[in-house]
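Colleague: If you look up TrEMBL, you'll see A:23-252 marked as domain 'ABC transmembrane type-2'. Residues annotated as transmembrane segment in TrEMBL: A:24-47, A:59-78, A:104-133, A:140-165, A:171-192, A:204-223, A:229-249.
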Amino acid sequence: MSSKSNFIALKSILYKEINRFMRIWVQTLVPPAITISLYFVIFGELIGSRIGQMGGFDYMSFIVPGLIMMSVITNSYSNVASSFFSAKWQRNVEEMLVAPVPNWVIVAGYVGGGMARGMLVGTIVTLVSLLFVDIQIHNIWVIIATVSLTSATFALGGLINAIFAGSFDDISIIPTFILTPLTYLGGVFYSISLLPDFWQGVSHLNPIVYMVNAFRYGFLGISDVSLTLAFSVLAAFIITLYTIAMTLITKGIGLRS
Amino acid sequence: MNNALEISGLKKVYKGGFTALKGIDLTVKQGDFFALLGPNGAGKSTTIGIITSLVNKTAGSVKVFGHDIDKELEQAKSYLGLVPQEFNFNQFETLLTILVNQAGYYGVERSLAFKRAEKYLKKLDLWDKRNDAGRMLSGGMKRRLMIARALMHEPQVLILDEPTAGVDIELRRSMWIFLRELNKQGITIILTTHYLEEAEMLCRNIAIIDSGVIVEDTDMKSLLSKLDQETIVFDIDSITTAPQLDEFTCRLIDDHTLEVDVKKSQLINDIFSQLNGQNINVRSMRNKSNRLEELFVSLVGSGQKVKQESK
């Protein structure tokens, strides 16, 4: 197909994906806002007020970037995982497979849809957080770059999960047993500098630590890890996950018999 | 005339070892109305799946208008429109969304896609339902929606896998008219069906597949000419014993129904003369079964599996 046709196909997948999560906004956009409000009330107002400062900021200001990032990660991942698996399950993924859509367009379309939901939810959570705390911005470009690359990373992860999934249970296993623990242990609620040396070392194996800290740097100008290392980790994950996703779709794993 | 489809040595072995296709050859000319018939599990859907790249082949080649699916898959796909056997559209999307998105996958601009969606939804009597979700449609409407979807990029080859399964007679006949119209416009149509009458009514050429082997590949007239015997059913005035008919085999099914086997070389007039001579009045007559059905059963039912000869 020509590049113009590819662009139209990409727009169609993006339109379909965005239309899907907007159509079911009560399930996709409202729950993160409610969850995050509860986090602010419990961890910020009730418990946070007794914790004191962290990284030179009051606890509420410290956790805001992590909570936003947590919503972006969860929503980017689950959007692609559930949408692509539903398309497989209803077999309407065949609409794309029979069409002359290059595989990279399919990957880009679904990842773009996941990023759109992740970033829209991130924006909603940011607006909700304004009700509880004044948000400062240290470097807007770091914020934009981190949130874009992180949502792309987890959208790719969700796509790979959906390709392998054989049932709806299979798309909840990774978020429940891997993603949630990594997020909670990824420095959302604390600075990893508080941990003993050994656990600080272990934390550096958690990719979410780099994403949360780079994002926090964009807001507060503080980070437990270097920005260069954080963006390198993000780039490495995107390249690796994209390569895996492309290989799986090209071979037709879980899609073609 | 160009070949719309060329299949050569196509073989498919599924995981687990089941061989669905044993190296079939098939050619469909541009503009043809082609039937691919076979019993359940014969390999029809596997063949269509490979042509449309939903199934990975084990060996062999498939070319669509000369474009090999191994080398020029996207070009090959752009010629094809598929109406699959099972409903595979998003049940929660509206008809318009389904059609416009599908056109987009083929690079059709949204403004043009909306015009085509209106054209085909009106043509297939679905325009009133355009803003309904797919799941709200009846079975027949869902079938028509899938035909509209397959036409959105105006393909040169339309492949229909059991398109009239579960569709009532009136709707089936209106779909036949629509498909004939498309074929007249130059679209090559490849059809699999269980309704042999459908294949006989619509198709010019036919291939019969059984157990992954093409057992017949010819034009409809030649195939039907192979039929050397038909069974005619006569509705008669009441009799108690079967009449004796010289040179014909007959069976009295009940006191009003007589079945007579008629060879191609025999005349039905002779039956009438003999029945008349025995004072048996005939009220009406009909073929016992569809002619193609008899051939189909003889080709795939009696275990006569002829290995496909190279053309």
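Each Cβ is built from the backbone N, Cα and C atoms, and glycine gets one as well.
How buried are these features, and what lies next to them?
Modeller: Long-range contacts of the transmembrane segment (A:59-78) within the same chain, counting only residues at least 6 positions beyond its ends with a Cβ under 8 Å from a Cβ of the stretch, are 28, 32, 35-36, 39-40, 43-45, 48-49, 51-53, 114-115, 117-119, 121-122, 125-126, 129, 132-136, 146-147, 150-152, 154-155, 157-158, 161, 171, 174-175, 179, 183, 186-189, 191, 208, 211-212, 215-216, 218-220.
Within the chain carrying the transmembrane segment (A:104-133), a Cβ under 8 angstroms from the stretch's Cβ atoms is held by residues 6, 9-10, 12-14, 16-18, 20-21, 28-29, 32-33, 36-37, 40-41, 44-45, 60-61, 64, 67-69, 71-73, 75-77, 79-80, 83-84, 96, 147-148, 150-152, 154-156, 158-159, 242, 245-246, 249, all 6 or more beyond its ends.
Beyond the ends of the transmembrane segment (A:140-165), by six or more residues, the same chain brings 68-69, 72-73, 76-85, 88, 107, 110-115, 118-119, 122, 171, 174, 179, 207, 211, 214-215, 217-219, 227, 230-231, 234-235, 237-238, 241-242, 244-245, 248-249, 253-255 to within a C-beta distance below 8 angstroms of the stretch.
Proximity of distant same-chain residues to the transmembrane segment (A:204-223), defined by a Cβ-Cβ separation under 8 Å and at least 6 residues beyond the stretch ends, is recorded for 55-57, 61-62, 64-66, 68-70, 73, 135-143, 146-147, 149-150, 153, 182-183, 185-188, 192, 229-231, 233-234, 237.
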Colleague: Could you give the residue numbers and ranges of same-chain residues that sit at least 6 residues beyond the transmembrane segment (A:24-47) on either side and whose C-beta is under 8 angstroms from one of its C-beta atoms?
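Modeller: Residues packing against the transmembrane segment (A:24-47) from afar: 59-60, 63, 67, 71, 74-75, 79, 117, 120-121, 124-125, 128-129, 131-133, 189.
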